[in-house]
Each structure stands twice: as structure tokens, then as C-alpha cells.
Amino acid sequence: MNECYYDKRMDFFYNRTKTDTADEWTGPQLIGVLCFGTFFCLFIFISNSLVIAAVVKNKRFHFPFYYLLANLAAADFFAGIAYVFLMFNTGPVSKTLTVNRWFLRQGLLDTSLTASLVNLLVIAVERHMSIMRMKIHSNLTKKRVTFLIISIWAIAIFMGAVPTLGWNCLCDITVCSSLAPIYSRSYLVFWSVLNLVVFFIMVVVYIRIYMYVQRKTNVLSSHTSGSISRRRTPVKLMKTVMTVLGAFVVCWTPGLVVLLLDGLNCTDCGIQHVKRWFLLLALLNSVMNPIIYSYKDDEMWATMKRMICCSSEDKSQERRSSRIPSTVLCRSTDISGHFIEDGIIQGTVCGKGDLSDKGNS
């Protein structure tokens, strides 16, 4: 019967795999990585909070697609929490961790990745349901969207907990991996192959849907005289989703390939020298998503800008309350129509709409 090592600290497992964490994460290099990580984690928290708040505040975003987009932002926010926990439990500290604390560290990262991946998959289904009918949004009810979001997080938490539940090498240290010293190599192969296959499937599905929308849009453009913007809106949403998916695949694929090589016990691949850089690349994905939302979606950027601007104006209003009457400083011109074409600013920013209203009155 194999002996189990639940009571050992991580230095026992790191020494077996000959991973010298102390040499790799000390001095200026460690300080640089921590400063880099801290800055981007703060950006992740602030920017993804703005995305979620924008979806909640703007009634034009009260549709299944944007609820799922907000949930993707929540997954990125959770990834920021996972990276903060990792920063305080890595380097020389790694060898002092208990088995359970190390499982928690890796489980948070696995959960955040799964939440983002499954969320993108659900968005693909939602986009398929809507644009195959040439609609901007699907007919999913709020109850169904809520159920989908709960299911996404349930799946993510379960996948993050699988190694803790038993698929590990604590009772058979001969099959331990190098990058994850208490993960079984078979689990790393399963985990990386599963994610890479899902990546490939989603890319194929989105390309197929995008080609379908482009073809249908061209046909409609030549036979109808309706609103051009409403025909272009599904294409714009697809471009946003495909950009997000592309960034996700680019940022996570190198790390998954490294895990796959480790799972296949590739001792000559030099994976120990690149692991931390691929981890930082994965962190960069959670930074990029809010930028993509605001850059590709004019309405999202306008809403986020209004919230930031109004917050600063409210503080200024409090300081000048004795001289300025209590009026609404900024409000959204939601009457401008649904999904206006590129180049038209949707919604006024802090007061400009009020000036135009006064001029018209």
C-alpha cells in the first residue's frame, strides 16, 4: 500500500522535483514581479468593477449578452483576487506552505480560468441563439440567465477543487508533476487538453457565426432600406466577443501548453524557466478585457466615462454646495435611439446634455 504525505510541507515535494523556488524569486526580480503584479491587480479590480457597474446602471445593457459580459468581468475580478493570493504565497514562501494552502492557491487560479472559459462558451451559445435569428439579443429570461451564471460558478468551483478531492499525487509521489508538485501528471494532461479543445471549438464556432452574420448582413443591405445601424449591431457585438476570445486564447494557450508538456513528463523542455512569464501573460488577459469592452463598445465607454466624471463632479458639487443649487449635474440622453451607428456618441457626458436641453427649451 502506498504511503500518503498529507502532513508534509511543500518543501518536501519541491525538493523531489528539484525546483529551486528561492533562487528564481529573490532580489530585484522578485520585487519587479511583485510591483508589476500589484499594479495590474489594482487595475483589474477597478476596471472590472466599472464594467459590472456600467451593466447594472445602464438600462440598455439589461440583456442576456451584457449580463454574461458582466459575469465575465466578475471572473476577471476573481482572477485578480487569485493573483493577489498567489503573490503572497509564492517564491521562497512556497516551500513553507502546507498542502491545503497550496491546494487553495492553485484552486483559485483554476477556478478563475474555468469561470472565464465556461462563460465564454455560454456567450457563444447566446450569440448563436440570437444572431442565427438576426436579432441583437436572445430571448433568454432573467431567470435562465441567473441559472446559467450560477451554473458557471458551480462548474468553475468544482473544477478548481478536483485535485483537492483526490486527483493528486499525495499517495503516489512517483507521478507528481514538476510545475505543480502535488498534482498528478495525468490530471495536468486532462486539464490542459480539455481547455485547449474547448478553445479550438469556440474559435471554430465564432468564426462560423461571424461568417454567417457577414453573409446575411450583405444580403439584407442589398434588399432592405431599414436602419443600417441595427443591421450592423450584431456584427459589432460579434467583433467584441471575438476580440475577447482571441485575447483569452493568446494569453492562456502558452501556459496550458507548458502544463501539457509537464504532464507528458518532458524533462528537456525547459518549462521551469518560462512558467512565471506565462503566468504573468495570463494575468494580462484580465487587464485587457475591460479595455476591449470600452474600446469596442461606444455605449460601454460612454457609461463608464459618465460614472467616473459624475463621481468627480459630485465631489466638486459638495465643495461648492453653498453657491450652486441642488440640480442634476449629468444625465444620460437615452432617447437617442437603440444602438446608434459607429461615430455617434451615445449618451452625454456630465452636463453636456443639460446644456443642449436648455438650448432647445
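Here the Cβ of each residue, glycine as well, is placed from N, Cα and C on the backbone.
Look at TrEMBL and you will find 30-53 (among others) tagged as transmembrane segment.
According to TrEMBL, the domain 'G-protein coupled receptors family 1 profile' annotation covers 47-293.
Annotation comment: TrEMBL describes 65-88 (among others) as transmembrane segment.
Cβ atoms under 8 Å from those of the transmembrane segment (108-125) belong to residues 65, 68-69, 71-72, 74-76, 78-79, 81-83, 85-86, 148, 152-153, 155-157, 159-161, 163, 191, 195, 198-199, 202, 205-206, 209, 241, 244-245, 248, 252, 282, 285 of the same chain, restricted to positions at least 6 beyond its ends. According to TrEMBL, the feature transmembrane segment maps to 108-125 (among others).
Away from its own ends, the transmembrane segment (145-167) comes close to residues 64, 67-68, 71, 75, 100, 103, 106-112, 114-115, 118-119, 122, 182-184, 186-187 of its chain (Cβ-Cβ under 8 Å, at least six residues beyond either end). Feature annotation from TrEMBL assigns transmembrane segment to 145-167 (among others).
Here TrEMBL flags 187-207 (among others) as transmembrane segment.
As annotated by TrEMBL, transmembrane segment applies to 240-261 (among others).
According to TrEMBL, the transmembrane segment annotation covers 277-295 (among others). Under 8 Å from some Cβ of the transmembrane segment (277-295) lie the Cβ atoms of residues 33, 36-37, 40-41, 43-44, 47-48, 50-51, 69, 72-73, 76, 79-80, 83, 113, 116, 240, 243-244, 247-248, 251-252, 254-255, 258, 301, 304, all in the same chain and six or more residues away from its ends.
Of the candidate ranges 30-53, 65-88, 240-261, 240-261 contributes the most Cβ pairs within a distance under 8 Å of the transmembrane segment (187-207). If one looks beyond the transmembrane segment (65-88) by at least 6 residues along the same chain, the residues whose Cβ comes under 8 Å of a Cβ in the stretch are 34, 37-38, 41, 44-45, 48-49, 51-52, 55-56, 104-105, 108-109, 111-113, 115-116, 119-120, 122-123, 126-127, 130, 137-138, 142, 145, 148-149, 152, 156, 237, 244, 283, 285-286, 289-290, 293.
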